[in-house]
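Encoded as structure tokens, the structure appears first; notes follow it.
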Amino acid sequence: MTPSRIGAHVDILLPSTKPTYPIIKMTFVYDKLLSLQPLWQLSRFDTYESWLACYPAVWGLSLAINHYQLEISQGNLLLLVIYNWCCMTIIHAAFCTWNDIVDANIDRFAIRTASRPLPSGRYSVFTARLWFIAQVFLASSAVHVLLGIDSLYMVLPCFGLAFVYPLSKQYIQWPQFVLAPTVGWPIFIGWISVQTRVGIPERLDLSVCVPAFLSYATWTIYYDTCYGFQDIAGDKESGVGSLAQYLGIPFIKPFLLGVNVTSLLLLGLGCERSGCSMLFKYLGIGFWALSVPYQFYHLDLQKPSSGGRIFLFNIRLGLYITIAILVDTLHR
């Protein structure tokens, strides 16, 4: 009798265990998060692209610390880096959203971009516009609170350039020349953030800032031309301008070599004037120079997808240079 009672008892209790509404709640949360995924993708939070907008701000603040020979603790330097990085990430997110709004009807022509939230129909342009406005407000507030009012004034030209860039692709064949100053501009923002934090009333030292800005801008032309090479067929079909398409296959590598060398020389000039150590010049700029033959070897003009690999390599290269300049700043 006992076994049968146990069996009956179990049969009765199993259905009466607590209902699974916590699982339902978790599923609801998961579904909500999943529905926000297109916004995440519009902002490029799912990629490392935003790092390229953060590097110049870190370069700018490091060059300022070296130039003014400031004694700064590791904690304060880390805070400056985090504040600048957060602000540039949000700015980048906002204007990537704007880029996709402008390109909504163009991205469907390229295989790489056809699956983005707007051309694929997963989100409406109206919702994307609201998301863009919210991010611009958040970015402006973050810059004001974390970096100061002077940095907010300095970021306004960057906003203007970032707004124009997607539109320029429809009217000129070399939009990278609009993108370049946009991405390089945070050099000035990073520099100003240091002046604000330590109370230096002087204006920007353009003899240092401008070479560094031009270096980053020319490097941007380099890696973005490689990036755009992936879409050369789709750009031609949709009528969108790109430097890779404008130059043509025979002239892409000579042009890229020229801008790479120019970028290295300008960075060397900026670092020399700011007082960077020989260690950074050898391990930072020297390593970059040694990577150029490697990049050109792996850029196969018969395989447009190779441009994407060079682009990713330059994200990692930029991280290395940024870490190197920070280490140099700490151990002057």
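In case you wondered, yes, glycine gets a Cβ from its N, Cα and C as well.
Transmembrane segment is the annotation TrEMBL gives to one range among 152-169, 206-223, and that range is 206-223. Looking at 43-61, 309-327, the range tied to transmembrane segment in TrEMBL is 309-327.
Record note: among 90-110, 174-194, 174-194 is the stretch given as transmembrane segment by TrEMBL. In this chain, the transmembrane segment (128-147) lies out of contact with the transmembrane segment (309-327); the count of Cβ pairs under 8 Å, excluding pairs fewer than 6 apart in sequence, is fewer than 3. Cβ atoms under 8 Å from those of the transmembrane segment (174-194) belong to residues 52-54, 56-65, 68, 70, 80, 83-84, 87-88, 143, 147-148, 150-151, 154-155, 157-158, 161-162, 164-165, 168, 200, 204, 209, 212-218, 220-221, 224-225, 228, 241-243, 246 of the same chain, restricted to positions at least 6 beyond its ends.
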